[in-house]
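Remarks on the structure that follows.
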Amino acid sequence: MRVLGIETSCDETGVAIYDQQQGLLANQLYSQVKLHADYGGVVPELASRDHVHKTVPLIQAALAEAGLQASDIHGVAYTAGPGLVGALMVGATVGRALAYAWGVPAVAVHHMEGHLLAPMLEANPPAFPFVALLVSGGHTQLIAVTGIGEYQLLGESIDDAAGEAFDKTAKLLGLDYPGGPMLARLAQQGVPGRYKFPRPMTDHPGLAFSFSGLKTFAANTVRAGADDHQTRADVARAFEEAVVDTLMIKCRRALDQTRFQRLVMAGGVSANQSLRASMGEMMRQRGGEVFYARPEFCTDNGAMIAYAGMVRLQGGSQASLAVSVRPRWPLEELPALGA
């Protein structure tokens, strides 16, 4: 089976083609970072308009990259949620229309299932069961995964997601959008131990997260005096260490609770090198394994949607002719494969 995947949930337009036998045949991505930079964040209407202009050309580019014709595609997958409703509608409408015109099935893909399955694109994919840490700008969740669509929510953020806290703290430090990766780079120059940030909710039982207080702590620290580059770097390092430690503590609890030996990290924040190193060391000490996608597949992309769509189509899933998207869509509502 050969599937075309379309991702337009937020500020990246992604199109990819995945073949069941040959793997990833094409991967095209257009980022709207420059479009939204002057606003310090994503402007939904601008995002939707840009997807309208970029989606079809990227589909043409993906087909050309793979050396394929429309008749070589066996299915179309598109992100149907969660995300920005206008942006989602662009990809869903194009995807559904193409599937109808080409006479192939279409499937609506859950954006976070795409992220969760992105490590499956690597040479050493994780086997079930595993604990998944979904950590991005919009989500921070721990999921017990025993199969495709067999997802149990163990805990999630009660306020800001970790990625959102990264971006907002970066803005406090005067960094440009998107701030998370820039904060991580600045943190590498920071002196460890100069500032001590709290590890929120780690002294509470359970697996819930909270990052709004950490963001406030960072804001107060900056206001107290962070005018020079080194001080800002020290604040960035203290903040990053607090987030990484918090995520690691909660992951350890989730692994203890489930007794699983595999941890999967997915979503944009999973590209953070400090987080990867800390989780890798933790799993080494536990005698387990940690899995994550290459950095370009941690952020939004069409490859994860094409792969997730292929898995769902093989399991019998298929979208109706009606175009429908879900800006809010709990991952645990997805059916198990073949159900």
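In case you wondered, yes, glycine gets a Cβ from its N, Cα and C as well.
As annotated by Swiss-Prot, Fe cation binding site applies to His111, His115, Asp300, with the evidence given as sequence analysis. Positions annotated as substrate binding site by Swiss-Prot, on the basis of sequence analysis: Leu134, Val135, Ser136, Gly137, Gly138, Asp167, Gly180, Asn272.
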If you pair up every Cα among Leu134, Val135, Ser136, Gly137, Gly138, Asp167, Gly180, Asn272, the residues annotated as binding substrate, what's the maximum separation in angstrom, rounded to an integer?
17
Long-range neighbours only, meaning 6 or more apart in sequence with Cβ under 8 Å: which ones does Gly138 (substrate binding site) have?
Pro82, Ala161, Gly163, Glu164
Determine, to the nearest whole angstrom, how far the Cα atom of Asp300 (Fe cation binding site) is from the Cα atom of Gly180 (substrate binding site).
14
Counting across all protein chains shown, how many other Cβ atoms sit within 10 Å of the Cβ of Ser136 (substrate binding site)?
24
Cβ contacts of Gly180 (substrate binding site) (under 8 Å, same chain, 6 or more positions away):
Gly137, Gly163, Phe166, Asp167, Ala170, Gly268, Val269, Asn272
Cα-Cα separation of Leu134 (substrate binding site) and His111 (Fe cation binding site), in Å?
11
Would you count the other C-beta atoms found within 10 angstroms of the C-beta of Gly137 (substrate binding site) for me?
24
